[in-house]
């Protein structure tokens with residue numbers, strides 16, 4: 001029973017980190033209708049900045065620098081690449097983001113090499129014990145940070161002018177432009193926010209029990225794709241639920257791997273995609289996605 | 001004409017090789033209601049897009065001519081600068097943000113204007129359309145067609161425009177609701193906002209407007225005071241419809257009330 005509780009708690013914590021990534025993914029999709037395949041490289045960029053700076057300027061300033069840096073990279077990608085292609089087919093843009101992703105990831109993995117760089121977080125490998133259940137401090141920090149950020153984001157999305165502009169642009173770019181919304185600015189903001197959220201996620205993907213930032217970190221970030229897709233690409237609620245679902249599934253599959261050996265090894269990495277496929281079979285638009293409706 | 005009227009001069013617009021509007025000139029004097037009539041595809045919406053600078057969403061561009069508000073050139077500005085300059089458009093087919101609440105739709109309308117005027121604009125809009133205050137927490141997609149049109153007009157008014165562009169506000173509405181919208185337009189105008197009304201419902205538009213232009217295949221073929229146009233055989237036959245006796249009679253009555261029942265046109269081109 002205690003194993004189950006531990007696995008579940010870890011799953012929720014991991015899931016909230018995936019939700020952060022998925023949220024950035026959804027924000028970009030809603031603001032620009034672009035499926036952003038470069039998201040994992042933004043995450044790697046944020047993590048790399050934090051990892052290289054924390055020795056010199058301390059952890060917290062380095063984390064802030066990582067967030068700002070990833071936001072800047074996101075904004076730069078929007079400004080230098082996406083903006084030039086605006087008005088083109090959205091599928092063209094999605095493919096452009098794959099190109100951006102390859103460029104960024106190649107450069108970052110070249111810099112990281114075969115190293116495993118710790119991010120210098122203050123939590124270390126400390127473990128909190130509540131009765132028979134033990135959970136790492138890092139997992140608690142991940143959950144708290146993600147919950148705070150997501151709440152702040154959702155409040156801003158609902159109540160600020162920025163949020164209103166964003167939602168208006170998501171529903172109809174042309175009509176939003178008629179209201180005086182600057183679409184370029186909305187799109188730039190979305191990419192920056194996505195980058196910032198990804199940098200925070202990078203931190204929690206690389207802390208204990210993971211050894212640190214390495215080349216494969218961007219692969220871990222890829223699990224946020226099924227999270228965003230099974231939640232419904234255009235739904236913020238969907239990103240949260242999808243993130244949690246993927247996190248818990250992965251945690252359960254890994255935690256009970258010994259009971260599932262007949263399915264082979266590495267089920268934890270596979271499980272999120274299985275869940276995604278199963279959900280899309282029943283609900284093709286995702287759990288909370290908008291169904292494509294058209295009257296002829 | 002007026003100091004801050006909207007002036008369109010020799011405007012041509014093309015979508016790629018297709019020319020949708022050819023050398024159109026028209027003026028909306030300060031405080032006036034001006035209507036542009038024409039059938040489907042005459043270039044009415046294109047004209048409004050050219051003023052609002054949203055042609056690029058449809059792959060179109062101004063090829064010659066100018067649009068200005070008072071001394072200020074509008075062509076060449078970004079859409080948000082046009083709104084800030086004082087020109088708001090109510091797009092064809094209402095286009096309310098269906099997934100947002102009525103209140104958020106109104107907030108969206110105010111995004112292009114100065115923050116300081118928002119409270120006053122909201123008060124004005126709620127006074128014009130009390131139903132929007134009642135429904136403020138409801139999603140716009142759940143409103144009736146007429147209420148959505150009111151919301152679309154209200155949203156445009158949130159930017160406190162000097163000139164309001166209306167693209168077919170009566171489209172798809174029951175006659176009673178169309179009449180309500182018409183009354184509201186009159187009221188908005190009485191409060192000092194100039195109106196450029198694009199309509200297929202010529203009878204309604206000619207009753208509202210002081211001056212009218214007829215657009216055919218991208219060119220102005222007829223223009224003059226609204227009452228004169230309403231009385232002209234050409235307009236009656238083409239746009240008011242010979243069977244629509246009531247509208248004609250009403251237009252006649254309007255014309256007589258306005259005095260000077262001249263049945264000749266001031267200008268007749270094309």
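Cβ atoms are placed via backbone N, Cα and C, with glycine included.
Remember, it's a predicted structure, so these values are computed and weren't measured experimentally.
Lifted from TrEMBL, the feature list:
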TRANSMEM  A:12-29  transmembrane segment
TRANSMEM  A:59-81  transmembrane segment
TRANSMEM  A:140-159  transmembrane segment
TRANSMEM  A:188-208  transmembrane segment
TRANSMEM  A:220-248  transmembrane segment
TRANSMEM  A:270-290  transmembrane segment
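Looking at which of A:12-29, A:140-159, A:220-248, A:270-290 has the most CB pairs under 8 Å to the transmembrane segment (A:188-208), the answer is the stretch A:12-29. Stretch with the most C-beta contacts under 8 angstroms to the transmembrane segment (A:220-248), considering only A:12-29, A:59-81, A:140-159, A:270-290: A:12-29. Contact count against the transmembrane segment (A:12-29) (Cβ pairs under 8 Å) is highest for A:140-159, out of A:59-81, A:140-159, A:270-290. Tertiary neighbourhood of the transmembrane segment (A:140-159): same-chain residues 12-14, 16-17, 19-20, 23, 121, 123, 128, 166-167, 193, 197, 200-201, 204, 207, 236, 240, selected by CB-CB distance under 8 Å and a gap of 6+ residues from either end.
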